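Under the heading domain 'Sugar phosphate transporter', TrEMBL lists 11-299. Marked as transmembrane segment by TrEMBL: 7-27, 39-64, 76-97, 103-123, 130-147, 153-170, 191-209, 229-249, 256-277, 283-302.
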């Protein structure tokens, strides 16, 4: 009976993880492209505000994980650095959604392992087995093919998406280097608790300078569309839920299971986005995305076998 309960619990976590990740992605696209809310920096700030508040409630009051305190000024500076890189990756991804279809956005995002391997090598000069690097060839090749077959290709959107993907990989590598000592390591929920307020302090002036009419337009949209504030609230809560569920799924499943689920999640997001937004796709584009996903799967397997 206990194993059955555990299976139901893990299944519920996976459903929450999928729905939160895919939900926030699709809502971002809807708000930024279809709703007239063209403020990716401010939207990211709303996400960070929700993450800051809900992280504090989850850790301090609900005690989902123990509170880890910062132990030095050096540790704070490292977390602030990670927060700035994290901001860049999220803002870049949201900007790209204004110009690119979700399906193509996901195809480009699937190249994260390529950038992770590149930055890891540049930072540590440690080489992986040649089979591992060989697996990255289809990852890049698939995106090149998908780009050529993308009917709604937008160069600026593509550059922002690639930049966001690279920043996400860089943050992962940087985190492993900066918070490598046992005394400074934080679990992902505590790291989010400390990064979120710093991100708000970075994003608020950026939004006011680069999106000067954000307050007027947001208030105007709120008056015109009665569900505007609800959408923004649900979107922001989903952003936190995506982080929380990712942490819980990681905690309660194996690395291999997480990898398989992560690859499948991207494919599910692509299918749902095509059905919802009805963006045109081509056989070449789908073929390129499938090659990329196959490369990601092969890369994960090679890393596991040759570790």
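For all residues, glycine too, the Cβ spot is worked out from N, Cα and C.
Unlike curated entries, TrEMBL annotations are predicted automatically.
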Count the Cβ pairs between the transmembrane segment (283-302) and the transmembrane segment (7-27) that lie under 8 angstroms and are 6 or more residues apart in sequence, then report whether there are at least 3.
no
Look over the recorded stretches 7-27, 103-123, 229-249, 256-277 and say which has the most C-beta pairs under 8 A to the transmembrane segment (153-170).
103-123
Within-chain partners of the transmembrane segment (229-249) [C-beta distance under 8 Å, separation at least 6 from its ends]:
10, 13-14, 16-17, 20-21, 23-24, 27-28, 30-31, 35, 37, 43, 46-47, 49-51, 54-55, 58, 64-65, 187-189, 192, 222, 258, 261
Which one, 7-27, 103-123, 191-209, 256-277, has the most C-beta pairs under 8 Å toward the transmembrane segment (39-64)?
191-209
With the greatest number of Cβ pairs under 8 Å to the transmembrane segment (256-277), the stretch among 7-27, 103-123, 130-147, 191-209 is 7-27
Within-chain partners of the transmembrane segment (7-27) [C-beta distance under 8 Å, separation at least 6 from its ends]
47, 97, 102, 105-106, 231, 234-235, 238-239, 241-242, 244-246, 248-249, 252-253, 261, 265, 268-269, 272-273, 276
Within-chain partners of the transmembrane segment (130-147) [C-beta distance under 8 Å, separation at least 6 from its ends]
104, 107-108, 110-111, 113-114, 117, 153, 158, 284-285, 287-296, 298-299, 301-303, 306
